[in-house]
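First up is the structure itself, then whatever we jot down about it.
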Amino acid sequence: MSGNRWVDPAPFEGVRPRLPWWFFLPRWVKVVSLPIVLVLLGCWLVVRLVALALRYPVAVVGGLAVYLIYIHFGLWVLVFVVLALTGGLVIWAGLHRSSYVRHVWFRVLTEWRRATVYVPQWRTVTRLADLSKDSRGKEYRPKLGRVRSEGWRDRVRVRMVPAQSPDQWEARRDNLAHSFNAKSCRVRVLRPRVLELDFIHSDPLGRPVLVPALADDVAAVNLKRVVVGKTETGRPWSLRLLGSQLLVVGVPGAGKGSVLWSIVWQLAPAIRAGLVRLVGIDPKGGMELGQCPDAFAKVVYDSGPDAVALLEEIATEVKERASRYRGVRRLWARSTGEPFTVLIVDELADVIAYQTDKNLRERAARAVQTITSQGRAPGFAVVALVQDPRKEIVGFRHLFTTRVALRLDEPVQVDMVLGEGVRQRGAAAHEISENTPGVAWVKQDGRREPERARAFHVTDADLVELALFFTAEDATVHEFPGRPDGPEGMAA
Ligand SMILES: Nc1ncnc2c1ncn2[C@@H]1O[C@H](COP(=O)(O)OP(=O)(O)OP(=O)(O)O)[C@@H](O)[C@H]1O
């Protein structure tokens, strides 16, 4: 009361204590169910202990072994065993570093980081990042699953709470990275409700990848797996040329040239032997392809009528070869005796979009579409390089079955190149550093996961070596058997 006026008391805001439902059960029911509850509790405890042993096998087995040796044999035996084990590990690391790192070091690191970083901070971080939910007094928390440390990254599985979407995690990638002391975080959708977070600590592709020695073995060239660099997991980065069309997109200086020359480098023995024929168009007046013209059976340093005529010539060849193959074979093979043709167009936009002559522009676009859409089976591959992936520039991006996104400016460009949803699985090509030209995200049709990789660094000196490889006097040029006249001849 204040003066004569009545003031309503403040509403009660305390949390009313809630009693669990079983509290209200009759006493005899509680007594009867007690042994069952105890057994279930025991089972739960055993399951938790087994899960703990599986999650921390090194710590659990190691701890148990130390305890048992100490109890049964005493301190000196324990010291001796520890020293012997340490010596054994040092010898293993010295003799075979890679297997030691994989089987011992990463295992220990995994358990250490899980126990010291992810488990203690998981609840707080997910709460503060609004990734947990409170509803009717119950907390819904994303479940921390398997953790795998690989030195440069930690892979952390997460089961999302109901009604959550990967976009919510995607939007908090930076928050998560900073919270767990990582440089960046990628979000990958593994299956419904399950995500994998990649916490990146360093870039395994930070250093240029040197080109391997120039091979001279034609048999080693595999058109289904042309190795052009290294993936971030350390495996060779291979591109499929046979039965595939390749689009390489990147801002100026992103390293498109290195992808292009890495392909030529690997194909070199087959080109010299005549099994593969390179045809090139370089609208930049030869600045790129002019560095090694001997690799090409035909090359045009222009985007005008000559370039369009070359494209139309190849489109006609595609149709002619396809008509001969019809009903005989479904895919080009070496046994056909005809060379596999790789058409390289440096800056495709200059030819199909930036030409002032509308007629030339349309003819060029039609020819490239014919080659990309029909060239698969008769043995024609297009390697198109472009800076701007917009639909107005390359309206038929979907015809390229392998797409390589080097450094790009905006997230929307990544979606244009790699397709919807691929960026959400971690392919952040717009985040590639300017300091790492040649690094790219690659998406191949039929493979769900995009791959991050770096092309070989093909230097000017390497290009001189490549040019010498094609002009060397002792180069053996294998003549192709005469082209068969018809399907019957080819089948034989
Ligand atoms: N894979 C690589 N590793 C290391 N450095 C590279 C790699 N690729 C390219 N570079 C370096 O990056 C610079 C630009 O490369 P490049 O000319 O290939 O880019 P680009 O995308 O073709 O550019 P533009 O569109 O202007 O032709 C060059 O100095 C080159 O040495």
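Just so you know, glycine gets a Cβ as well, placed from its N, Cα and C.
Taken straight from TrEMBL:
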| type | residues | note |
| --- | --- | --- |
| BINDING | Gly250, Val251, Pro252, Gly253, Ala254, Gly255, Lys256, Gly257 | ATP binding site |
| DOMAIN | 234-415 | domain 'FtsK' |
| TRANSMEM | 28-47 | transmembrane segment |
| TRANSMEM | 76-95 | transmembrane segment |
For Val251 (ATP binding site), the number of other Cβ atoms found within 10 Å of its own Cβ: 18
Fewest Cβ neighbours within 10 Å, where candidates are the binding-site residues Gly250, Pro252, Gly253, Gly255, Gly257: Pro252
The domain 'FtsK' (234-415) [mean pLDDT, rounded to integer]: 89
Packing count at Lys256 (ATP binding site) (other Cβ atoms within 10 Å of its Cβ): 26
Around the Cβ of Ala254 (ATP binding site), the count of other Cβ atoms that are within 10 Å: 26
Additional residues around ATP, ordered along the sequence, whose Cβ is within 8 Å of the centroid of Gly250, Val251, Pro252, Gly253, Ala254, Gly255, Lys256, Gly257: Gln387, Leu406, Arg407, Pro437
Sequence-ordered binding-site residues from Val251, Pro252, Gly255, Gly257 with Cβ under 6 Å of an atom of ligand 1: Pro252, Gly255, Gly257
Assigned element (helix, strand, coil) containing Ala254 (ATP binding site), judged by DSSP: coil
